[in-house]
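Trainee: My questions all concern the structure below.
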Amino acid sequence: MAFKSGFVALIGRPNVGKSTLMNYFVGKKISIISPKPQTTRNSIKGILTLDDAQIIFIDTPGVHPPKNKLGEYMVKVSEKTLKEVDLILYIVEAIDSGIGPWDEAILEKLKEVQTPKILVLNKADLASKENIEILKSLFSGRLSFEFIIEIAAINGYNCDVLLEKIKKLLPEGPKYYLDDMTTDVRESFIVSEIIREKILLNLSEEVPHGVGVSVERFSEREDKDILDIEATIYCEKESHKAIIIGKGGQMLKKIGMQAREELEMLFGIKVNLQLWVKVKKNWRDDIAAMKMLGYNLKEV
């Protein structure tokens, strides 16, 4: 049997399960999950290697009108990804009542690319068969799809069927990554994303969008099984800094505790996590600051 390989983009509006699906296929947490828009800022790769295929999933930033240079970067990353991959998974919620504004924008973008597409109806376990059939008809009337698959990424329902359809559409090709690799991003990047996820989950809508995380130290002690991590949380306003720190430092302590617990599970080692908060005004419009915070502007 010929070996298949290729790059698969995941696109969809916020909170439809893109990151959950990629993390499910890869078998570990690669991409952070949050109900807030613009959670994913970079194209994050999750690598699944099987006996007969290697699939590189790419969780793309959402398609949205940019409000600053960071927003422009995210849109460019998403558009570039859609043009370069072998297959696009367009993910929508099976419980949706119709095609909303976010999906209208995504459909328009997808019309511009000739890449094969699969429509994935996620959260099918929560939807009626009638609603699923209505959505299939609505979306297939707007765009041509190779397959339409209903799944539940949270528990893996029908994901095996989706996987087989993905393999069917991928070209024959080589292994691009070693068998044991599940992502190509640095460990320090995953650390910064997990910290940012905890900020997204704990704070109100306004603050998280202006937050970036820089990991200054990531080192394992020679004499003890302890991983020392030092990171700085950057925000754009003094008022946001006060909110992140919280009364008596309680919010920062909560964010740090949640991040540390997840990092210890991820790395299988005790983690000593130190967090600081600094203000860098308008960093999302500052190219140098964006580079410092890990946004690879050369990609776009």
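Even glycines carry a Cβ here, placed using N, Cα and C.
Reproduced below are the annotations present in Swiss-Prot:
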type	residues	note
DOMAIN	4-172	domain 'Era-type G'
REGION	12-19	region 'G1'
BINDING	12-19, 59-63, 122-125	GTP binding site
REGION	38-42	region 'G2'
REGION	59-62	region 'G3'
REGION	122-125	region 'G4'
DOMAIN	195-281	domain 'KH type-2'
Trainee: Within 10 Å of each Cβ, count the other Cβ atoms and name the one among the binding-site residues ASN15, ALA124 with the highest count.
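Mentor: Within the set of binding-site residues, the most crowded position is ALA124.
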Trainee: Could you tally the C-beta atoms, other than its own, that fall within 10 angstroms of the C-beta of LYS18 (GTP binding site)?
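Mentor: Looking across every protein chain shown, the total is 29.
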Trainee: How many other Cβ atoms are found within 10 Å of the Cβ atom of GLY12 (GTP binding site), counting all protein chains shown?
Mentor: 23
Trainee: Determine how many residues of the region 'G1' (12-19) DSSP places in helix, in strand and in coil.
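Mentor: Counts, helix then strand then coil: 2 helix, 0 strand, 6 coil.
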Trainee: According to DSSP, does ALA124 (GTP binding site) fall in a helix, a strand, or coil?
Mentor: helix
Trainee: So how many of the residues in the domain 'KH type-2' (195-281) end up helix, strand or coil by DSSP?
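Mentor: Computed counts for the domain 'KH type-2' (195-281) are 41 helix, 29 strand, 17 coil.
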Trainee: Test of understanding: give the count of other CB atoms lying within 10 angstroms of the CB of THR60 (GTP binding site).
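Mentor: Taking every protein chain into account, the count is 23.
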Trainee: On the 0 to 100 pLDDT scale, where does the region 'G1' (12-19) sit on average?
Mentor: 85
